[in-house]
Every structure is written in structure tokens, then in C-alpha cells.
Amino acid sequence: MRTTIRSIVSSWKNQSPAVRVIRFWLGITWIYGGWDKATDPDFLGKIGATSISKQLTGYSTSSPLGFLFRHMIERSTAVGIIVMIAEFAIGFATLFWVAPTFIAFVGFTMSLGLWITATWHVKPYFLGSDTAYAVLWLSYFLTLLGKRRSVDVSFDRRGAIRIGTLAVAGALASVLGRGLQKKKVSATASGGNQIVKLVDLPVGKTFEFTSSDGGPAIVFRTKNGVFAYSEICTHQGCTVSYSASDKALVCPCHGAAYDPFNAAAVLGGPSNTPLSTVKVAINGDWVVQA
Ligand code: FES
């Protein structure tokens with residue numbers, strides 16, 4: 001234990017101030033990234049802009065690596081948990097000097113991946129922070145690599161224990177974050193079966209919510225009133241999303257499309273069954289689940 005602490009302290013002492021700043025910033029930011037996901041009540045769910053399922057769905061159509069993400073959508077919860085633990089582990093490893101060169105390379109590839117997915121369409125490119133993080137990780141990695149020509153990825157017994165400890169620390173931090181989740185700012189928070197205030201759902205707009213059976217759902221408001229459907233695809237259970245440009249609820253997994261303005265009838269793809277209807281109504285100032 002004392003040796004470990006001594007090696008962490010001397011790792012900081014032996015680095016130049018410039019490298020220390022980069023290392024500290026990357027380590028803290030990756031831990032914060034993990035914590036932000038762990039405490040986000042929507043992250044592992046199916047609805048909300050920060051939901052991993054919705055993010056993967058978006059990447060599957062917008063990223064040049066979209067074909068990879070299509071396969072992950074069905075396992076979005078597992079992908080989310082792995083990402084969360086990995087971010088914690090990379091942050092801890094960076095601050096506590098565990099396999100530093102290898103971890104810096106992993107940080108670089110992760111940032112590069114986020115650049116090609118999450119911020120691929122950000123223009124101009126420098127407004128997407130992943131570009132800057134990819135460059136920071138690469139610079140840090142090259143500094144640690146020095147004159148060596150390859151990264152040593154073989155771990156002795158002590159190295160394996162330290163990597164394992166980090167994974168456990170990442171998992172524990174994730175569990176702690178899930179236990180201390182941020183309060184969900186939700187229209188249903190006032191209780192009962194209220195879904196969204198009418199004023200927040202103008203005619204022509206949609207709103208995603210969790211239906212009373214716990215599944216993702218979406219409500220539409222037109223000049224004729226409100227109606228809603230389950231977002232569970234009737235083919236194999238992926239989560240559909242509304243595409244305003246296609247005027248259809250589209251499933252990212254195998255391409256089923258449903259017409260929300262015609263009782264969610266199947267427009268195309270492998271499904272034969274319309275989406276389930278969720279009964280909703282207007283009650284005073286609210287759209288409610290009936
Ligand atoms: S699960 Fe939706 S099309 Fe297959």
C-alpha cells in the first residue's frame with residue numbers, strides 16, 4: 001500500500017507542470033463524465049435526450065460508423081453500464097497512475113470514437129469538445145510513450161490487481177451515482193397520471209413520457225386533440241422514435257415504420273402489428289393518461 005502511494009506521488013512529482021495540468025484535467029473530467037451518467041435518471045432508460053438508447057439511435061443514422069451502433073441499440077442498457085464504468089475507471093487510472101500509457105491510448109480512442117459519433121455533425125468542428133479531448137489524450141499519450149515504439153499491454157500480477165481494483169471502483173462509483181440520482185425534471189413529477197402541461201405541448205408537437213406500465217411512450221397533439229402510442233416496436237421490442245421529416249415512428253433496429261396519424265399502422269419493415277395505443281386525454285391544463 002505504502003509503495004503504491006509512493007509511486008502515485010512520485011508519478012506526479014516527476015511530471016512537468018504542463019503534463020500535470022493535462023493529466024489532472026483528463027482524469028477529473030472522465031470521472032465527472034461517469035458521475036454525470038450515473039446520476040442521470042434518464043441515461044439507462046429509453047426516453048429523454050440523454051438516454052443511451054436514444055443516443056445510440058441517433059448515432060446509428062448520423063455517424064459514419066452507424067452500422068456498428070445499430071447492433072448496440074438492442075443492448076443499450078449494457079452498453080450504457082460499460083461506458084459509465086469505463087469512464088470512471090479511465091479517470092481513476094489517470095489520476096492514480098495505473099497502466100498510464102495504455103489508459104491514455106484508451107482515452108484517445110474513446111474520444112476519437114465520440115468525435116466520429118456524438119460530435120460528427122458539429123460545425124465548425126472546434127465547437128465539439130470531443131475534438132479537443134482527442135487531441136489532449138493523444139498529446140498525453142505521446143508524452144508518456146516517449147521514445148518507445150509500442151505500448152506494453154502485458155500486466156504482471158500486481159498490474160492485473162490494480163486494473164481489477166479500478167474496475168471495481170468504477171462499478172461502485174456507478175452504483176453510488178445511481179443511488180444519488182438527480183431529481184428528474186418531469187411533467188409527471190406533480191403526481192397522478194399527468195403527463196405534460198398543455199402549454200408545453202403545442203399543436204404539432206410530441207412529448208415522450210413513461211406510461212403507467214413503465215414503458216416508453218409518445219404523445220402527439222394535433223388540432224383534433226391528443227393521442228399516444230407505446231414506443232416499443234412490435235417486431236422485436238426496440239424503441240421507436242418519431243421522425244418529423246418522415247412523419248413516422250421509426251425503429252432503428254430493423255427499419256419498421258409506423259404511421260402515428262393512422263392508428264400507428266405499419267408503413268414498412270418487418271413488423272405486422274401496429275404500435276399499442278396508450279389512452280390519453282386533456283384534463284384542465286394537463287394531458288393525462290386515461
Ligand atoms: S425491433 Fe423494430 S424493426 Fe425489429
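Quick reminder: no glycine exception, Cβ is built from N, Cα and C everywhere.
All TrEMBL annotations are machine predictions without curation.
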Range among 159-180, 247-268 that TrEMBL annotates as transmembrane segment: 159-180
Per the Cβ under 8 Å criterion, with at least 6 residues separating them from its ends, the transmembrane segment (159-180) contacts 4, 31, 34-35, 37-39, 81, 84-89, 92-93, 96, 98-99
Could you put numbers on the helix, strand and coil content of the domain 'Rieske' (193-289), residue by residue per DSSP? 3 helix, 47 strand, 47 coil
